[in-house]
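Visitor: Mind having a look at this structure? Questions to follow.
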Amino acid sequence: MANYFNSLNLRQQLAQLSQCRFMDRSEFENGCDYIKGWNIVILGCGAQGLNQGLNMRDSGLNISYALRAEAIAEKRASWKKATDNGFTVGTFEELIPQADLVLNLTPDKQHSNVVNTVMPLMKQGATLSYSHGFNIVEEGMQVRPDITVIMVAPKCPGTEVREEYKRGFGVPTLIAVHPENDPRGDGLEIAKAYASATGGDRAGVLHSSFIAEVKSDLMGEQTILCGMLQTSAILGYEKMVADGVEPGYAAKLIQQGLETITEALKQGGITNMMDRLSNPAKIKAFDMAEELKGILAPLFEKHMDDIISGEFSRTMMADWANDDANLLRWRAETNETAFENAPSSNEHIDEQTYFDKGIFLVAMIKAGVELAFDTMVDAGIIEESAYYESLHETPLIANTIARKRLYEMNVVISDTAEYGCYLFNHAAVPLLRDYVKSMSAEYLGGGLKDSSNAVDNVRLIEVNQAIRNTAVEFIGEELRGYMKDMKRISAAQ
């Protein structure tokens, strides 16, 4: 199989990279009616597979799970989760031939094997859905021409997909139709109905392309979503301990601080996150972020270049073929870092303290979000896609670190995200180590010694304007506004 993106000419590549629009609520007035009465079979019963299935069943759809015969015979976790929740479970051979819609919610690395296994079993004119387009775009999977190929990708972990649905809402969702596989021209209608059944239309749906989703998703997860957070944790912990901060306190300040700081980011963007700092701390965080961007910009550009060219996918798939030798070694090395093995602390840390003593963390998040967003847009990815794959998802990943540090993050994210995270981290740590070592203890762990909030007014105005007047802040305010409006509409219905 050849890389699908690289098989297109430049005009086709740019057209698909730039495909993304926020869909109007009126486009979902028929809900999931288009696929009611269909036999819908889910492959995979992990967090996304189970929780999407629960939502779709509650929306009135007919859901069953196809598992490998050995998983059923041995009553593995996937079988237990599906049966405990009252779903019909069968083998591929039993369920796939009757399926109108097959949802491939297995891990990325398994997609080629899974699709090649189920495709001969699928009936004429059936539909195959992905939640991530890597198999189509990077591996170049060619699906039978009579099969419609769509993508429905909730931009949140599976557990949140379920919890938001139970609250009467949903999570932002990206949908797409593979242009090579839309034989009846109804792929978009199927994707819309599927997204509605999971609750996605209540939070906002982006109509995108397989290519835009893959290239932006890979870039976001490698850089700001995982790589920058891991780099911040490893270097930040080293710095604080070297400065004499008690190890348990240092680990907690980072582990819980990343989540607390990014919650402010989630609610009101970079502007709100920076506004949580005192005036002197805000100016310092702004200056640090600019310095960090200067150091890291070439690394962000290299990751984007390797993602666009397919070089990243080529090297990762070579590691797949080598039984994940690099991935497993890097995972083990990460688990041996000082931050991962730091003692826990029961010391209470006030919410504001995470900002006051975490100026460096704020600067890293600001620099990472802006670099990831701007680098994606410069590569031809539309702003809406770039926002959802940078700022929007950062708090979700920080939440995993808050639970069980970097181990939890790397367990929850996809195999492609974990591999890319390690690549970025291995380059970023040496780039930033001297910078972090040389910075004042006031910026991480200590807090500013001067309690005065006094600053030069002209400089503060300049900094505030620079923070607010960026493309990621403009599009973020617009998209968060859409989500709030839709939540109000959902609550009123």
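Including glycine, each Cβ sits where the backbone N, Cα and C put it.
Copying in the features that Swiss-Prot gives for the protein in this structure:
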| type | residues | note |
| --- | --- | --- |
| ACT_SITE | His132 | active site |
| BINDING | Cys45, Gly46, Ala47, Gln48, Arg68, Arg76, Ser78, Asp108, Lys109, Gln110, Gly158 | NADP(+) binding site |
| BINDING | Asp217, Glu221 | Mg(2+) 1 binding site |
| BINDING | Asp217, Glu389, Glu393 | Mg(2+) 2 binding site |
| BINDING | Ser414 | substrate binding site |
| DOMAIN | 17-208 | domain 'KARI N-terminal Rossmann' |
| DOMAIN | 209-344 | domain 'KARI C-terminal knotted 1' |
| DOMAIN | 345-486 | domain 'KARI C-terminal knotted 2' |
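In terms of burial and nearby residues, how do these features look in this structure?
Guide: Around His132 (active site), the same-chain residues at least 6 positions away in sequence with a Cβ under 8 Å from its Cβ are Asp108, Met151, Ala153, Glu213, Val214, Asp217, Ser414, Thr416.
A helical conformation is recorded for Ala47 (NADP(+) binding site) in the three-state DSSP classification.
Summarising the environment of Glu221 (Mg(2+) 1 binding site), the number of other Cβ atoms within 10 Å of its Cβ, over all protein chains shown, is 25.
In the three-state DSSP scheme, Asp217 (Mg(2+) 1 binding site) falls into the helix class.
Here the Cβ of Ser414 (substrate binding site) has 17 other Cβ atoms within 10 Å, regardless of which shown protein chain they belong to.
Over the domain 'KARI C-terminal knotted 1' (209-344) the predicted model carries a mean pLDDT of 97.
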Visitor: Given the binding-site residues Glu221, Glu389, Glu393, which one's Cα is the least distant from that of Arg68 (NADP(+) binding site)?
Guide: Glu221
Visitor: In the structure shown, with every protein chain counted, which of the binding-site residues Cys45, Ala47 has the densest set of Cβ atoms within 10 angstroms of its Cβ?
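Guide: Checking each of Cys45, Ala47, the winner is Cys45.
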Visitor: Determine, from DSSP, whether Glu393 (Mg(2+) 2 binding site) sits in helix, strand or coil.
Guide: coil
Visitor: DSSP helix, strand and coil counts for the domain 'KARI C-terminal knotted 1' (209-344)?
Guide: 115 helix, 0 strand, 21 coil
Visitor: If you measure Ser78 (NADP(+) binding site) to Glu389 (Mg(2+) 2 binding site) at Cα, how many Å is it?
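Guide: With distance taken Cα to Cα, Glu389 (Mg(2+) 2 binding site) is 29 Å from Ser78 (NADP(+) binding site).
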Visitor: Specify the secondary structure state of Arg68 (NADP(+) binding site) as given by DSSP, simplified to three classes.
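Guide: In the DSSP reduction, Arg68 (NADP(+) binding site) maps to coil.
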Visitor: Enter the number of other CB atoms within 10 angstroms of the CB of Glu393 (Mg(2+) 2 binding site).
Guide: 23
